[in-house]
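Comments concern the structure below.
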Amino acid sequence: MHFLQNAVVAATMGAALAAAAPLEKRSCTFTSASAAKSGKSSCSTITLDNIAVPAGETLDLTGLKKGTTVIFEGETTFGYKEWKGPLISMSGTDITVKQASGAKINCDGARWWDGKGSNGGKTKPKFFQAHKLDQSSITGLKVYNTPVQGFSILADHLTITDVTIDNSAGTSKGHNTDAFDIGQSTYITIDGATVYNQDDCLAINSGEHITFTNGYCDGGHGLSIGSIGGRSDNTVNDVTISNSKVLNSQNGVRIKTIYGKTGTVENVKFEDITLSDISKYGIVVEQDYENGSPTGTPTNGVKVEDITFKKVTGSVKSSGTDIYILCGSGSCSNWTWSGVDVTGGKKSSKCKNVPSGASCSD
């Protein structure tokens with residue numbers, strides 16, 4: 001009798017374990033956004049096969065199981081609607097995101113582009129919300145024509161490698177098509193990004209231990225820290241931006257802070273940056289932004305300290321300015337300036353409170 005009872009218990013437990021096992025190692029292929037949303041929690045490998053996301057909906061990959069791999073296959077597309085988005089949202093821990101050979105994510109942003117970006121006109125959806133995508137990686141995605149901003153990053157230990165964002169079709173009407181916006185994040189690495197856009201290639205609004213390297217930025221507003229000030233988190237610390245090219249852009253490298261606000265920008269390195277055909281500023285540090293525009297009057301509430309400009313070289317158009325530094329009184333300090341050679345534009349006569357070692361006339 002005891003043997004029979006034990007056998008029944010063992011059989012029951014075995015059946016339960018067998019039923020549970022597929023949930024731990026299940027590979028799933030989804031062909032619709034709704035199927036992905038409803039089925040994602042039971043999958044350890046998710047293949048998104050030629051998904052057409054309906055208008056006004058998000059490809060919802062939030063709350064993924066730890067260790068999930070997500071593969072974009074074929075062409076991912078999105079229906080048209082005026083809304084804020086995002087088109088894709090993803091969260092989880094130890095997530096691997098990649099694409100199959102020949103795959104692409106086609107946002108078809110031209111349907112929204114009206115030259116106004118996020119400042120009016122049509123309401124445009126942001127592209128990819130990587131919030132709480134921790135200890136994870138995104139590799140090799142090819143993204144075309146985002147309506148406005150690209151990757152919104154609020155994460156810890158996220159590595160993005162060899163991602164292409166091609167908004168070159170938006171040269172005339174695309175606007176605010178930032179590639180990577182980072183806030184309240186730690187240990188973010190972006191390596192080998194290729195970007196054609198109409199706004200910042202990189203914008204760091206807050207965060208620590210951030211690396212951007214081997215980037216290629218064409219057509220936008222350059223590599224930016226800020227704007228800093230007026231947010232819940234106004235600290236940027238330990239940032240390295242290196243071995244990158246900025247071409248045909250409004251700015252090369254930039255730090256901008258908000259007029260009358262407080263915060264800290266420290267331990268930031270711009271190293272081995274090559275500039276070409278920059279239209280406005282090769283190197284620019286401004287502490288006078290108010291309502292999104294410079295005022296010409298800097299304030300010193302945001303400290304800009306321990307900043308390195310090393311081997312930042314290249315050309316500015318004759319209508320532009322090589323270097324512009326507008327610091328508040330005593331707020332910019334302990335800068336390292338070496339191998340800087342930016343030429344072709346004007347020399348600014350409006351620089352203020354330039355820290356020792358730096359120069360507006362190099």
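Positions of Cβ are set from backbone N, Cα and C atoms, glycine also.
Marked as disulfide bond by Swiss-Prot on the basis of similarity to another entry: Cys28-Cys43, Cys201-Cys217, Cys327-Cys332, Cys351-Cys360. Here Swiss-Prot flags Asn334 as N-linked glycosylation site. As annotated by Swiss-Prot, repeat 'PbH1 2' applies to 185-206. Swiss-Prot lists 207-227 with the feature repeat 'PbH1 3'. For 236-257, the entry in Swiss-Prot reads repeat 'PbH1 4'. The repeat 'PbH1 5' feature in Swiss-Prot is assigned to 265-287.
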Cα-nearest neighbour of Cys351 (disulfide bond) within the listed disulfide-bonded residues, Cys201, Cys327, Cys332: Cys327
Rounded distance in angstrom between the Cα atoms of Cys43 (disulfide bond) and Cys201 (disulfide bond): 34
Stretch of maximal Cβ-Cβ contact with the repeat 'PbH1 4' (236-257) [cut-off: under 8 Å; candidates 185-206, 207-227, 265-287]: 265-287
Distant-in-sequence Cβ neighbours of Cys327 (disulfide bond), under 8 Å, six or more positions away: Val285, Gln287, Pro298, Asn300, Val304, Lys352, Asn353, Val354, Pro355
Other parts of the chain folded back onto the repeat 'PbH1 5' (265-287), taken as Cβ under 8 Å at six or more residues beyond its ends: 222-223, 225-226, 228, 236-257, 259, 294, 298-300, 302-317, 319-328, 331-332, 340, 342, 345
Top Cα neighbour of Cys360 (disulfide bond) in the set of recorded positions Cys28, Cys201, Cys217, Cys332, Asn334: Cys332
Distant-in-sequence neighbours of the repeat 'PbH1 2' (185-206), which means Cβ under 8 A and at least six residues beyond its ends: 117, 149-150, 153-168, 170-171, 174-179, 212-228, 231, 233-236, 239, 241, 246, 249
Cβ neighbour count within 10 Å of Cys201 (disulfide bond): 31
Cβ packing number for the residue listed as 'N-linked glycosylation site', 10 Å threshold: 14
